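Colleague: Below you'll find the structure I mean.
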Amino acid sequence: MVATAVELQKLKQDFDSKLPSYLDKIHDVWSQIRLVEWNRKLAESLLYYCHKLAGSSAIYGHNEISERLKQIELALGDLLEKDQKNSQAYEVIETNLRNIRINPLDIERELSNTFASKSSNIEHSIIIIDDDQDTGEYLKNLISNIGHNPYFYETIEEAVANLREVKPSLILLDINFPEGQVAGIKAISSIRDVLGYRVPIVMISSRKDMAVRLASMTSGSDGFLTKPVKVSELESIINEKSMATRLEGKRVLIVDDDKSTGLFYRAILKRYQIDTEIVTDPMKTIAKINDYKPHLILMDNVMPGCRGTELAEIIKQDPELFHIPIIFITADNDFELPSKILSLGAKGFLLKPIKEKSFINTVEKALLVQQHVITKFKSNPTLKQRNIYSSQYQFFGDVESSISNSIASVFGLLLLRITNYGNLREKYGLASSTLLLDKFVDTSLPREMVNVKICKFGESDVLILLERPNLEEIESEVNVIAQHLNDVLEHQSEDGKLLFDEINMTLALTTSSNKDNSIEAILSKCQELSKQAKVGGLVSVDLSNTIGSPSKVRSINVNVSDLIQKKAFALSYQPIISIEDSSNIYIDTYTRLINSEFDVFAPSEFFNHFSKKEHWVSLDRFVIEKSVDKLKSINTLPDKEIFLIVRLSKQCILNKDNILWLSNIIQNNRVRSQKTLVVSLQEGEFNEHREGYLYFVEKLRLLGCQISLQGYGETSQSIAIRNELKPDLIKVDSKVLKQHKDSKALVAELVQYSSSRSINVIATKIESADRLSSLYQQGIMYFQGNFIEEASMNIDINTKISLF
């Protein structure tokens, strides 16, 4: 039976009847503390009781009582901190106790005024919003044929006017409308505001680029379909996203020592057909999780015997439980708590008293995001032994630890690369091609092969780490993997169609028995090797001796020195996105070397061939000339400024003679604004060559250029360097932040400093939406990384402007 407002009202009446006795208990305990000798243990019990009652009072509408109990809680905390009587704290407690009154209006107020009743029969209604009538009618017909009720509107305005009447379970929304190229994306939040609940919204578009998908995701969309929409994709996304089925039968474990609060959450979730269990003793949580197997855990923080943060850490350390999302709901007034619980992997944080809309939205989002993880975890019995990682950062951290502490004699890193992934993405769209690669990762190893670590790396690569007693065993297992992969590529589905027949694959293996070799060096060698492999082939190298002197490896089929002499340089461009509206668009640049066959080489592959000072001068001149020329061609809009971030060599910066040619290039080219050329300086290098760098910066500012400080937080002198350099832009590595002992404080100080001086902060090397969201919540607005968009040889500036 689905709960109604009547059930909630019954819970409120039960709480109201007990509230006077709860308050009497507080008076009695305080009298004991006040009239007899100071008792710390009794004061701690009273603080906890006030904290708990403040939260439940607010939930059931007694807001004034809740606020007074919070004041008493703070005063008790002050007494406990000083561990002695304090006349001011005593006065605060006495005053609030005298003024606690139960308001009859609060008792009579019905919760149904706040928490509206929800029908148990959610309509399978789907709204289509598309200014193309043909597309709209096509989708309408498809949806009707698969048994749902479609409603088609050609304008956003018309759809919004009918939202409340239709009460859709799902909305399919086009991106491009006459109002603007991304009008659909901008309408997401307003559509949900009108409805009053978080309806799933799936974007439909003929655009296939990563940038528009990222903009959709960060604006709150729940999916993306590329036109023309296939029936199978449409049916799949309706089944996955429709509110009619997405929450029914989900299991939520409520951990709160206040049973009345747990019953309140249960009543709300029951109206959304969600099953619940309540645990009031936190020490029994693990046993209940193993028995109940919840999809989600709702957790209080302040509980007897074990705090919620401690319990969450225990859960996340268990390989069988770590995938279960946790949402904290607490009245705890610790301002550092949100940062702490998010660092533990929690998926949400709500303050008591909760509001149903934000509560159910948070619960729904956590359940849906984690659904595929739970399914995958439960269906794969070898997952614990194979360690399939979704986080590259976690993979590399565990690999570093594994290499350092392994008792194995030899370890090997195998790079599996899908060489034609770009073509597959172009042909089938991002969603389908990503799903194909995910499936390929799941089947990349024989089922009997265990004790390996696997991670999807970037868009088109898979990394596999093996640890074995000797090199021969690793080579033998890699040959088994290669044969298995060939079998997988030839495997036919039941209908006779090849599952992976269009995939082109290469394998590159790097092995070593030298534990001093870092994962970065090993991975770099793998990436270098993969360029030499033929489709379907395997190349390998052993780094057991020294990095750079492998025992067996083929040389690169290009004379790098000749390319350097020919000055065959190029620039690649990586956009930096702004989550909020901005008149500034930043694009980072990277130097490349390119041959006649359009093979592109990164700096790590050719910098070691720079044997003469003239090589650095040639490269630096190219970077400045190319960047200035590019700025002239892209800075043409009156309301936007596009900034290019460039890097110059240390040799260039420290040679004062280079200022003259640098000045001539900048002044002789008619750039609309010299400040759009941003020169990036590395924090570590500035620390080593302070005087030379300061002189260079002084001259650059005279030329009108801006300065970017890169690698902020990498040294212990970050704040001192920043204050002395006074950069216009600060770039902080998100990976460095994760490793920093006090990253939250570092970001908070940086955001405060930059905001007061109109300095933009960019978080680089973003690898996931969760990481982007976390840093955005801490105040950073600009983001960069291959997860967002990879560097390319061209700038599609119209797309960047329309999105960012």
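Using the three backbone atoms N, Cα and C, a Cβ is placed for every residue, glycine included.
Below are the features listed in TrEMBL for this protein:
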type    : residues : note
DOMAIN  : 125-242  : domain 'Response regulatory'
MOD_RES : Asp174   : 4-aspartylphosphate
DOMAIN  : 251-367  : domain 'Response regulatory'
MOD_RES : Asp300   : 4-aspartylphosphate
DOMAIN  : 409-546  : domain 'GGDEF'
DOMAIN  : 553-804  : domain 'EAL'
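What does the local environment look like for each feature on the list?
Modeller: Shown for the domain 'Response regulatory' (125-242): DSSP residue counts in helix, strand and coil, namely 56 helix, 26 strand, 36 coil.
Counting only same-chain residues at least 6 apart in sequence, those with a Cβ under 8 Å from the Cβ of Asp174 (4-aspartylphosphate) are Ile129, Asp130, Asp131, Asp132, Thr135, Gly184, Met203, Ile204, Ser205.
Mean pLDDT, taken over the domain 'Response regulatory' (251-367), works out to 84 on the 0 to 100 scale.
The Cβ of Asp300 (4-aspartylphosphate) lies under 8 Å from the Cβ of Gly55, Val255, Asp256, Asp257, Asp258, Thr261, Gly308, Phe328, Ile329, Thr330, each on the same chain and at least six residues away in sequence.
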Colleague: Could you give the number of helix, strand and coil residues in the domain 'Response regulatory' (251-367) as assigned by DSSP?
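Modeller: Looking at the domain 'Response regulatory' (251-367) with DSSP, the answer is 52 helix, 23 strand, 42 coil.
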